[in-house]
Amino acid sequence: MKTFAAYVITACLSSTALASSITENTFWNKEFSAEAVNGVFVLCKSSSKLACATNNLARASKEYLPASTFKIPNAIIGLETGVIKNEHQIFKWDGKPRAMKQWERDLSLRGAIQVSAVPVFQQIAREVGEVRMQKYLKKFSYGNQNISGGIDKFWLEGQLRISAVNQVEFLESLFLNKLSASKENQLIVKEALVTEAPEYLVHSKTGFSGVGTESNPGVAWWVGWVEKGAEVYFFAFNMDIDNENKLPLRKSIPTKIMASEGIIGG
């Protein structure tokens, strides 16, 4: 079996350069084929320099709606602009029915990220406003930076798009506190993203644009990074989805790949 280490090469950190210098690891495609899923997984190992591999070079640089993975930059922007006062702020539930029962309660920033509370982040975006939102997306070099489609839904059904490669670049900048934002605010959001903590730490966020149709599928995401010993592994996964029953695959497929590489599990 050929492992990640056999495929990675040094990559530059501009979006175009990274997309053109990732190595393709077709061995990973067996996990996608086993589930009859079209998708991509990008995995980058950060040692002295970043080295990356993917199962699908073309799809790695193709842009999709970020859906709820956008909660990561949205939270940072909210903190930077003062819309979110600090990590202790409580977002009050107004008592009105919401799409998911787990959203029908008061939530902290971490809680809102963990349950992916769309209404909370829509309100944050409305208070940030278009001018400041646009400014920060440009500062972050986040996707196509297109916020057309409504200030409270441009990442859900509007025109914002981002590739798996760009997700990895953004996450690496966040990990290194190199975004154009205060170190304190980046640390707050990083802490809120911790989803697992066994012998390694996983900081991650899922996203889901809706199921779509067979001819026009939606997209499901899982992005983040794994801290294991002295190594950090950044990852971004997305897949076409036309059946909600397939949603768990957004985590199970990349988890299997990372387990096969000895990064998590085992």
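Glycine too: its Cβ is placed from the backbone N, Cα and C atoms.
Computed from a predicted structure; not experimentally measured.
Swiss-Prot lists SER68 with the feature active site, acyl-ester intermediate, giving sequence analysis as the kind of evidence. SER68 (active site, acyl-ester intermediate) is surrounded by 21 other CB atoms, counting those within 10 A of its CB over all protein chains shown.
Annotated substrate binding site per Swiss-Prot: LYS205, in sequence order. If you draw a 10 Å sphere around the CB of LYS205 (substrate binding site), it holds 25 other CB atoms from the protein chains shown.
The N6-carboxylysine feature in Swiss-Prot is assigned to LYS71; the stated evidence is similarity to another entry. In the three-state DSSP scheme, LYS71 (N6-carboxylysine) falls into the helix class.
Taken from Swiss-Prot, the feature signal peptide covers 1-20, and the record attributes it to similarity to another entry.
Annotation for LYS71 (N6-carboxylysine): spatial neighbours ALA112, ILE113, SER116, PHE121, LYS205, criterion Cβ-Cβ under 8 Å with sequence separation of six or more.
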